[in-house]
Amino acid sequence: MVLFFATLLILLPQIACYIPLAKCNVGDPVLIKHKKYHSEYLVIGGITFQISMFSSTVTFIRNPSEENVDFIIHMQNFQHILALEFAVKEINENLGILPNITLGIHDSNSYFLARWIYLASMELLSSKGRFIPNYKCDLKDNVVAVLAGPNAFISQFMSNILSIYKIPQLPYGSAPVIDDSTQVVFLHQAFPNEDLQIKGMIQLLLYFQWIWIGLIVQSAVKRQRFLQNRLTTFSQKGVCFDFVEELPKASVSNEIYNLLTRYIKLYNVVMTSSANVVIIYCENQDMIVLRMLPYVSDFEGTTVKRKDKIWIIPAQMEFSSLPFQRYRSMDFMHGSLSFQVSSKDLLGFKRFLQMRKVTSGEEDSLIRVFWESAFECSFSNAMLEEDAENECTGEEELETLPKSVFETVMTGQSYSVYNAVHAVAHALQVMLSSKYKLKARGYGSKCKTLNEYVWQAQPFSVCNGHCFSGYSRIKREGKPFCCYDCLQCPEGGISNKTDADYCFQCLEGQYPNKAHNLCIPKRIIFLSYEEPLGLALTIIALFFSVTSALVLKTFINHQDTPIVKANNRNLTYILLIVLLLSFLCTLLFIGQPNQVKCLMRQTAFGIIFSVAVSCILGKTTIVVLAFMATKPGSQMRKWLGKRLANTIVVSCSLAQFIICIVWLAISPPFPDSDMHSMAEEILLQCNEGSTTMFYIVLGFIGFLTAISFTVAFLARKLPDSFNEAKFITFSMLVFCSVWMLFVPTYLSTKGKYMVAVEIFSILASAGGLLGCIFFPKCYIIVLRPDLNRKEQLIKK
């Protein structure tokens, strides 16, 4: 048996070797058609925008490459490609920069669509002619840096891929807004800071005293960002905006009608505006859309006449046009003010443009497409089939083109491309020079790279490391003063610098963040109608108010029935009205406190509840005296009558009214902000002014409640014909229970929930009175009218 297993172990590896390996067949991807490619040992990549794609909505039925698309050529952007080609050619011919190394170019068109930007990024990481990212199946370009532009849109998506591989990226147009700190480190902006341009615009507006202007932005996102980050800057300088509109655009043919509608709307807003100065805060490709604005007046249904405006154009926009716009006038742009990136005439650039020709067999598809559109001709094997009468010879001269089609003078963005390429070349020069020096000093054949080498630096000699922001230094016992420990700032304290000697408290109305290195404004809170708790309490209050009104209506409609007459009809009406007001007075506790609400809150509550309890006391007292007066020789007969009940109600209510007047005279309630009870919130509340007077009001209501409960308890064994005392006893029991629980709950609650506790107590106690006293009577009046007869009462 042992021999069998030993033989099996020897044969198994050989058997496994003959098992065929599964192969993964890579299908042909949808490759980018328009690109400029010249392979060398080191390659400068590019994801730029010269051609946009206009297609139908993706149906997910056919391969996107099979869908019919229209390509729109952006003429002026082709100078960026020629500037890239000229800079690489200049470096390759200069023996002083990167000797024995030739730079190549791999520039792909982005079509201004996210999916093509991702595809172009992945192509840079694949082998030549094969789309297999992350695998080295063949010769692979060594991409040292990637240029992106002229739109920030390209960099935002490109960085998601290339930052993973730590490839430097150089946007040469407008600066992208990227929140991920791990991606920002690989972006090196080759364009002036946007803040400087904003300052320049403000200085220009103030110089000419243009303080009433309009603004057109590229998209809804940029509109929102401008309103959040830039609007305050203009307002502080006294510049106001009449309108802030978004420039309409469409990427699929289905949106054409909607695009025209939005475009007409924009035209009407701009032309009817009283602002004569308009800032076009957009990007390069938007100039093409803007040039169509004057022709909106030719559309049917447009009645607004065109008016001349002063256009202020940022540096990221260049005067470009589509092929069909070459013969259209640009007179509406006359008098416009444009910010420009610094540029200069480069030696040899014009000569380079003069010598740049295109052959019919050239692989550079970008140049071929541009050549056909610019000179209105076609090559015999053109990639884009266009209806052109002339055949391209490739010998046409760029200088003969109108400036609206192609500018032979180097533009600011092309100059940024030129500088970016030279910056990459000089950085490579320094890196490679350092590597060669290290190799000469190394031992054997091993060579250290820059990342492996420990560079010489100033040595550290400290007792301990630095205390970062959020910490303070505390001296170590028995150690010199230069030795210290780091102690995190206590609750409420921060430190915003390294090696802080102490922490300081945030200003009133602020609290520290979790790192204790920044003060954050506290949130303002109060019990509002918009939040679920406030809305629920409002609905409950309105429900009870409507119920009280319905009960009152029922009693009025049946005022001549025995059960209504037997229980002091007038006091019943007063009690129902007061209960209705008690439910409505809770609405004074909801919403942002103000002077009127604070004065009325507790006083209205105190007076209304005193009247309600006084009515109950009056009703119960009359019932008790009525039965005591039936005894022979009783002296209680002279106390019977409505006068006694009215006296009880008026005297008790007047006493509470006097207490409230004294409260308002001595120390009235007022709106206040509680900044100390909660760490992260400011509570807007009504300060009671005098807490003593507040509890005197509650105490007087409690005193009346205790008397009413006692009298009702004594009357609980009266005959059933007058059994209202039983219901009053139970209602007083509910009333007392609610307010006995109110005091400890109110004192143990913080914030807006203190107000919610008081509202709930008012609703619960008033609801108890309404339910316990009146619902049994409503049951008899509505559902058992046979019991609501005098004979029935006498029988009982």
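Even glycines carry a Cβ here, placed using N, Cα and C.
Where the annotation comes from TrEMBL, it is an automatic prediction and has not been curated.
Per TrEMBL, the feature signal peptide maps to 1-17. The transmembrane segment feature in TrEMBL is assigned to 533-552, 573-591, 603-627, 648-666, 693-715, 727-747, 759-782. Annotation comment: TrEMBL describes 533-796 as domain 'G-protein coupled receptors family 3 profile'.
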* **Local confidence of the prediction over the domain 'G-protein coupled receptors family 3 profile' (533-796), expressed as mean pLDDT** => 82
* Structure fact -> Same-chain residues at least 6 beyond the ends of the transmembrane segment (727-747) with CB under 8 Å of its CB atoms are 613, 616, 619-620, 698, 701-702, 705-706, 708-709, 712-713, 715-716, 754, 757-758, 761, 764-765, 768-769, 771-773, 776
* For the transmembrane segment (759-782), which stretch among 573-591, 603-627, 648-666, 693-715 has the most Cβ pairs under 8 A? -> 573-591
* To do: Six or more residues out from either end of the transmembrane segment (573-591), which same-chain residues have a Cβ under 8 Å from its Cβ atoms?
  => 526-529, 534, 537-538, 541-542, 544-545, 548-549, 551-552, 555-556, 597, 600-601, 604-605, 608-609, 611-612, 615-616, 619, 649, 755, 758-759, 762-763, 766, 769-770, 773-774
